[in-house]
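J.: Next up is a structure, given as structure tokens.
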Amino acid sequence: MQRHRHLIIIDNLESLLGEDGSWNNEFYQQFFTAWIEKGDTSKIIVTTREKPKTRGFNRWRWIELKGLKPPEGAQLLAESQITGDLENFSRRVDGHPLLLRLVADLLLAEFPQNPSLERLADLGLGNLSQLLSDSQVVGIHRGEETVGIALVLDASFQRLSQRQQELFTKTSIYRREFDSLAAKAVMDNYPEIALSEITADLRELQRRSLLEEKEENRQRIFSFQPLVWEYAQYKAGDQRELHQKAIAYYLSIAQPDSWEILNDVQPYLEIFYHHYQLTEYDNAFDILRAIDDFLTRRGYYQTLADYYLELVTVYQQQEEQTNWKYTASLTSLGNAYGSLGEYQKAIEFHQQSLAIKREIGDRGGEAKSYGNLGVVYYLLGKYQKAIEFHQQSLAITLEIGDRGGEAASYNNLGLVYKFLGEYQKAIEFYQQSLEITREIDDQGGEAASYNNLGIVYDSLGEYQKAIEFYQQSLAIERKIGNRKGEAYSYMGLGNVYDSLGEYQKAIEFHQQSLAITREIGDRGGEAYSYNNLGIVYDSLGEYQKASEFHQQSLAIFREIFDRGGEAYSYMGLGNVYKSLGEYQKASEFHQQSLAIFREIFDRGGEAKSYNNLGIVYDSLGEYQKAIEFYQQSLAIKREIGDRGGEAKSYNNLGNVYLSLGEYQKASEFYQQSLAITREIGDRWGEAASYNNLGSVYGSLGEYQKASEFYQQSLAILREIRDRGGEAKAWFSLGLTYYKLDRISEAKEAFLQSRELFQALGLAGYVQKCDDKIRQLETRKYPLIVAFFLGVVMFPFVLIGGIIVALWRLLKRWLRKA
């Protein structure tokens, strides 16, 4: 072997080792010792569950063999004609090749016509523990005819010392990674054992492939493979006492507060798990309730949904209708699914909660359930249903004298009417909510009411009023130390200044919002801050930055499973690529947005996606497609009663027909939009409609009419202090005055526009104004020359005319003579 190259394969090396890892065969000991010293020419491949304790072996390259990957395990089963969810099953059994083969052989023997994984349940083999221990799951392995997985693992287990066996079975109480301290906590029958001895035993279990080990922050961390964990639990038997010890251990290391990340509250989630295993469900609820606010604030909605679903499941089985913790779990589960965008599930659980509260006569709880259902239907874009539920909630709060609940109902009704574009109604409800929160000294509610009033006035285009309300909200949130509320006030201010075209101010406010949401760990708020920054940079023409912010927003929404937020991030990306002229990409993003809104039954979002697709195809010049998308958007907005959205759809349809040169149709749609915006008090929308009508008459060559509409638009934009809109209105007027040959007025309009664009930092628009002013200057010179020539030639023309007239008179006189 030293003279020629050879490959030697030795399988099952652990059979040559004693319990302590030393060689029990002198020949093999001498062989490997010699090989380590001199065996450089040939190669040896060894498979073993345990590493020999021979010096030099650690210099070998050790590859830890994992189970088959799910696709590989699925392929192994498929080759045996097994059907069903093959990849999922392979994942469940950790890809263990022997177990996969044994299961395949069993199904082929019992159900040769239909060897489906679903038939395992017919054999009483529905879980992994049964697959490990049941005598049916056996086959030929290493010469033995009736070998099961448990017997294979038994061979390794029997080689352990008594203490190592106990350590192996007792640490299986931990479902997650654990360290030596956690292991010592369940080994109290060895009170004198040192931590170093525990660590040594754990490392020995790892050497025997019964545990996995890694180093983290210079600390050894251990864990079980799923299959081995099931086996260890099977060997452990009754674990009630161990669950109590695990609870005591996690209580000893749990941080009382100041949590930052999910890992900070992991001990509480483990305490929940152990209480749950002990069937102490009320205790498990109390633990989850203690960290509910943190998990909600940080956007860990999926975690909340998973744990509350476990509680709801067992409470339902126990038929504990009168247990308030059951209805509270239903409500929390509904809220979690609502935040995840799984609205149908949210409705289902809120309905269950409502039914129980009605049955037991809990009127206050009934009102809250109606309110929660109203919120979900609002998120779905089913605004009329939302109103009905909020009205039912309001009626009960009035009946039982719940002033706080009454304020919440008014607030929720305001929210719905705001999205319906019925701004005056929304303001009335928010004002009612504000009065009550002041009366009962609910400062948090008062701040929320101011914030909501800010949102309405922003939508109305009354930006100064919006700013005042946001500032009032911000002052209270700072006073009471509500960092999340403070962040959302900054967010609102950022949105107003974006609408005003004051983009630098908008960025500053959104950055302040972002900083706070990061600080407090509000992942949803952080994502919306990134999304808002993307919108501002899109308006500024900094498309790369805009795209990056939307991508950051998208990543977080995906991470926290917020499907609605994900859809809005796709929408933002679609708008950026539309601005870049990359219409195909823009269309793809808007289609992704549309697919999600349909999936989560968000009709309002669906309408927005159709609208955005219409804008893309309008920009492409594919006007028929654009009209179809705008009509789909309009139909939904009418269906859900969104008057403001309906006005926008009419405006967009007008834009298409303007591009098509069908000016009469365009004018009709703009007039319909104008009528709605006036009706609902949308000042910005009214200004946009006047502007668009000006464009129609400008295209028709009726420049005087066009200038009148632009003047009406300008007056409103000045009134609401929309400097960006005002600048554009001045520019449109400048173009119209130019067509009317009112050159000095045109120049004045362009100068006004330039000044505003300059103040807003929009260099591209400033350049456009400069170009127009230069164009006016070049046109002025021919006019001056014509005027000069007219002045010089006028006396000569006059004298010539007099001479001609005198000559004609002389000729007449001569004839008479």
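Don't overthink the numbers, they just go from 1 along the chain as shown.
Note that Cβ sites are derived from N, Cα and C of the backbone, with glycine treated the same way.
From a predicted model like this one, the values you see are computed outputs, not experimental measurements.
Pulled these from TrEMBL:
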- 327-360: repeat 'TPR' (REPEAT)
- 367-400: repeat 'TPR' (REPEAT)
- 407-440: repeat 'TPR' (REPEAT)
- 447-480: repeat 'TPR' (REPEAT)
- 487-520: repeat 'TPR' (REPEAT)
- 527-560: repeat 'TPR' (REPEAT)
- 567-600: repeat 'TPR' (REPEAT)
- 607-640: repeat 'TPR' (REPEAT)
- 647-680: repeat 'TPR' (REPEAT)
- 687-720: repeat 'TPR' (REPEAT)
- 727-760: repeat 'TPR' (REPEAT)
- 781-807: transmembrane segment (TRANSMEM)
J.: Is the repeat 'TPR' (687-720) close to the repeat 'TPR' (447-480), in the sense of at least 3 CB pairs under 8 angstroms with a sequence gap of 6 or more?
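T.: The answer is yes, given that the two segments have at least 3 Cβ pairs within the 8 Å cut-off.
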J.: Please list the DSSP helix, strand and coil residue counts for the repeat 'TPR' (527-560).
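T.: Reading the DSSP string over the repeat 'TPR' (527-560) gives 31 helix, 0 strand, 3 coil.
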J.: Given the model, what does the mean pLDDT over the repeat 'TPR' (407-440) come out as?
T.: 93
J.: Same-chain Cβ contacts of the repeat 'TPR' (367-400) under 8 Å, 6 or more residues past its ends?
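T.: 331, 334-335, 338, 341, 343, 346-347, 350-351, 353-354, 357, 406, 408-410, 412-413, 415-417, 419-420, 564, 600-607, 636, 640-642.
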J.: From the DSSP assignment alone, can you count helix, strand and coil residues within the repeat 'TPR' (647-680)?
T.: 31 helix, 0 strand, 3 coil
J.: Could you give the residue numbers and ranges of same-chain residues that sit at least 6 residues beyond the repeat 'TPR' (567-600) on either side and whose C-beta is under 8 angstroms from one of its C-beta atoms?
T.: 341-343, 380, 527, 531, 534-535, 538, 541, 543, 546-547, 550-551, 553-554, 557, 606, 608-610, 612-613, 615-617, 619-620
J.: Summarise the repeat 'TPR' (447-480) as counts of helix, strand and coil residues per DSSP.
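T.: The counts are 31 helix, 0 strand, 3 coil.
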J.: Helix, strand, coil residue numbers for the repeat 'TPR' (727-760) per DSSP?
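T.: Summed over the repeat 'TPR' (727-760), the classes give 31 helix, 0 strand, 3 coil.
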